[in-house]
Structures are given as structure tokens and as C-alpha cells.
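Okay, so here's the structure we're looking at.
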Amino acid sequence: MSMAQAVSLPRILVSTDASKALSKQAASTRKPRTSISTKKRAKVSPSRRTQNLNLEVSPHRAVSAVRLMRIQFGGAFADLLNKKGKGSGDNEMGYVERTLGFRTKDLDDRDLRLVTDIVGGTIRWRRYLDHLICLLCHDEKTFSSMEPLLLQILRIGFYEIVKLDMPPYAVVDENVRLAKVALRPGAGNLVNGILRKLVLLKDNNSLPLPKLEGNDRAQARALATIYSHPVWMVRRWTKYLGQEEAIKLMVWNNSDPSFSLRANSRKGVTRADLVMQLNLLKVPHELSLHLDEFIRVKTGLQNVIQAGLLKEGLCAVQDESAGLVVAVVDPQPGQSIVDCCAAPGGKTLYMASCLSGQGLVYAIDINKGRLRILNETAKLHQVNSVIRTIHADLRTFADNSTVKCDKVLLDAPCSGLGVLSKRADLRWNRRLEDMEELKILQDELLDAASLLVKPGGVLVYSTCSIDPEENEERVEAFLLRHPEFSIDPADGLVPSDFVTKHGFFFSDPIKHSLDGAFAARLVRAF
């Protein structure tokens, strides 16, 4: 008898998309039952390490559950793990032990890939997964009051069954075991019952989805659940793009991201050299059609990291859209350039490499720690001789500085709505209220950056947003305040396919299959 035959059909709640319970769960400020402290502890002795080792649970699921806890409650980014299983700032197994009370065996390469996939996918699809979990709970209260670790385990199980099509028996068995060991037997029983209901629904091809009907608000709520995005984003994109294009954008945001590598010419590495290395590593890739030093990698980035290509400074991970922003700046040997919000420094390093050892890039940032990392990376990439870092708030620095440069790049703080495919957690961390605050900040930074441009010089304003209020509207408002500046079209600096009718650079995720990005090139007359 199959698992699907062994359980009865679940009782589906009347609520169309379980939005009330979802809202309660999202707004809950109740502390998780288990600790997620990020404080460093003394090294664990080998004997104690062995004593706390648990070989019963699936290591990649345990690490994924803890990582999801850290992201939701501890502010960690959904970043990649290196081959030792290290995440943001500490050994991953240290977090596992502090959160679950035991350690698992070390992660192998397969485990690392699964952690990356499960964590990223579970975050992307969180709203949709929670919709299903809520419907399969006994009642809405069970879902809204569910303890955080239990919810993460269920999300993992639902993602593995619904989106990864993993064998249901293994998924149910492993996640039940994790819940029992990490929490208690009753938690395992709850996971068992809910996951079995899900398997039955999936086998019968009857997974519940909200209907796309009613007024604009109702349809936005339905789309937000189906494609797992905040409602305010769906409404905003529908307003600016139309529903069909908004859906395409959400599909892109939920797809597995590709990454681009930039060969470090300052170390004598050509794109052909990098291709040879990728072939040896058996990493599938394709050459950028837009930038001579860039290669696109869809899968296998972990192999690149483990081979040490990044650690040795032979290449850098940098999206082509970011490289095209540098092309809009058009740095030339002998020029003086300011990168106003420089850290972590990807564009700074690329601009510095374009100077061929002649000229200077002033890298300004308010974050001292990130500037320190930028300095270290500049040395690794052998471009430190043309970079000067300045720890300062741009607004204060510009008011008190006599510096006037050939070119100024303001890669402004923004919503990041163009990079949601790579930053899976960002969609849940952004609020509609953030947009107004960001626009005020962007205007202030633009005014400050303009003070550093010499007559005849160029100011480039860029974001990794696709929102016109952060892009075109900020430029229009700036030009009204600063008649000494005018638009210098990006034609000839980037492929024509990226140039808007107003002469701005715009990378459209749907059209170009790159991160969303915007850049305006403004020239100062006097």
C-alpha cells in the first residue's frame, strides 16, 4: 500500500489563502524555543565533539533548518557555504550545536549543494509553502502559534516534496526524525501527519492554490501566494509593468540564479585562461555577449570556490549588469574617479583594473569593516596602488572636501528589487515604507556626489533596482535641482539593447536574463 493510500484526505480550511494565519505567523515576535546566539564559544574538545555527534539525522537538513532560523531571527544572509561548511562569521556546525543541542557529520559536496538549494528555495517559496502548511494544519491557530524550528522543518519538507520532487518516503522519514531528535517525539508525529497529507494531495494532483479572481487587491493577494512575493511588490509591479510582465518577473526571481565571473586582467588572467580553468573543473559556462572579461556560470560555482580561483584573486564574482554600469562610467587610464558608496568593492576593483596602473579611485564608504575587506581584496587583485579608501559619510565628506574628480560613481543604497533572484531573503526584508526612506537618502547622496564632480566631469547614478521611483524619477528630480548637469546618453558605451529612450542604461531581468540595474550618466557643464 502506498503512502498516499495510507492516509485520509486532509480537511482543507475554508480560508482562500490562509492569509490571516500567515499574517499572524509573519508578525509573530515570539522568541524561538532554541537558541540562535551568534556569540563565539570556546573550541569544543574532540571528546565532547564526538559525544555530541548525532549520526541519525540528515546533516544537510539539520544545517538547512538552522540556517533558516538564523536568516529569519538572526539576520544572517542566505549566502553560500564553503567546503568546510562555514557560513556567515562562524562554523556552521557551531550554530547547529547551539541551536539543536547536537552536531551532525561534516557536510560533503552533495550536502553543500543541497543546503544551498534547500535554503535558497525555501526562502523564495516561503509564502507559498506557508500557505500549504497552514491549510494542512488542524486549524489556523496551530499554524500561527507554531514554534519556529518546527516550522522550518516543515518548510524544508514541503519544499523538497513540492518543488524538488524528492522521493516522499525519504523526505517524510528524515524530517520526522529531525523533528523528534531536535524537538520531541510529538513534534515528529505532527510533521509525519502533515507531510503525509501533502504527499496525498500531490499524488492526486490537487495541491490547493488561491483563485485569481476578484478586484485588483484580491488578485494581487492571490498572485503573491502563488508566486511567493510580498503583496506590496506584486501590486507595485502590476502598476508599472502590467500583470503579465509582473508574473514573468516573479518567475525570474524564483528561478535558480546564474553567476558571472570576471577574469582579473591585472594578474594577467585572460578570459581564455579562465575558460581553461572552468573546463578542467567541468563547470558549464558560456561567454558574456556584452563584456570581454566576463563568463556566465549557471551551476558549479561551489567548484570554482573550492578550487581557490577566488581566493587567489584570479577572478571575481560579478554580475554582468554591474560590469555594464562600470562601462557607463568608462574609466580611462590617468583619470581621477570617486566611488561614493564603494563597499564591498566590486565596481571599485573593476574600475581600478581599467586604469592600468595610471590614475586613482577614491573609495568612500561609511562602513569601516567593509572598507577593510575592500583593501584586502584590492591587494589580492593587485590594484591597491590606484585605490585610496576613505571612511566617511559621503554627505559630510562632500561638504568639507575640495576634491574635484573626472568621474564620480554613486552606486546608491536601494531596495535591491533587481537582484531578488540572488538575494532570496531580500523580498521578505523589504517594506513599502522603505521606498520613501530610500528616495530621501538617494536624493541627499546625489546632491553630495555632485559636489565632487569637476566642470566637464561625469556623475553616474546607479542602482540595482528596477523601480522607476528609485531610478528615472530620482534623476529627473536631481536635474531640476541642478541645472548645471545634463544627461549624457549611454549610447556607444553599452549595447544599444540596454539603452532606454532617455539615454539611460537599464538591465531588465526578463529581457536580458541579468540582474536588474540602472545607470544614468550626467555631465557637469560648470
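Glycine is no exception: its Cβ is also placed from the backbone N, Cα and C atoms.
TrEMBL lists 20-52 with the feature region 'Disordered'.
TrEMBL lists 30-43 with the feature compositional bias 'Basic residues'.
Taken from TrEMBL, the feature domain 'SAM-dependent MTase RsmB/NOP-type' applies to 249-525.
Taken from TrEMBL, the feature S-adenosyl-L-methionine binding site applies to Cys341, Ala342, Ala343, Pro344, Gly345, Gly346, Lys347, Asp365, Asp393, Asp411. Sequence-distant neighbours of Lys347 (S-adenosyl-L-methionine binding site) (same chain, 6+ residues apart, CB-CB distance under 8 A): Ala322, Val325, Val326, Val329, Asp339, Leu409, Asp411. Classification of Lys347 (S-adenosyl-L-methionine binding site) by DSSP places it within a helix.
Counting Cβ atoms from all protein chains shown, Cys464 (active site, nucleophile) has 26 others lying within 10 Å of its own Cβ. Positions annotated as active site, nucleophile by TrEMBL: Cys464.
Residues near Asp393 (S-adenosyl-L-methionine binding site) in space but far in sequence (CB under 8 A, at least 6 apart, same chain), listed by position: Ile366.
Neighbours of Cys341 (S-adenosyl-L-methionine binding site), defined as other CB atoms within 10 A of its CB across all chains, total 20. Just so you know, the Cβ of Ala343 (S-adenosyl-L-methionine binding site) picks up 21 other Cβ atoms within 10 Å once every protein chain is counted. Using a 10 Å radius centred on the Cβ of Gly345 (S-adenosyl-L-methionine binding site) and all shown protein chains, the other Cβ atoms total 27.
The separation of Cys464 (active site, nucleophile) from Cys341 (S-adenosyl-L-methionine binding site), Cα to Cα, is 13 Å.
The two recorded residues Gly345 (S-adenosyl-L-methionine binding site) and Cys464 (active site, nucleophile) have their Cα atoms spaced 14 Å from each other. The average pLDDT computed over the domain 'SAM-dependent MTase RsmB/NOP-type' (249-525) stands at 97.
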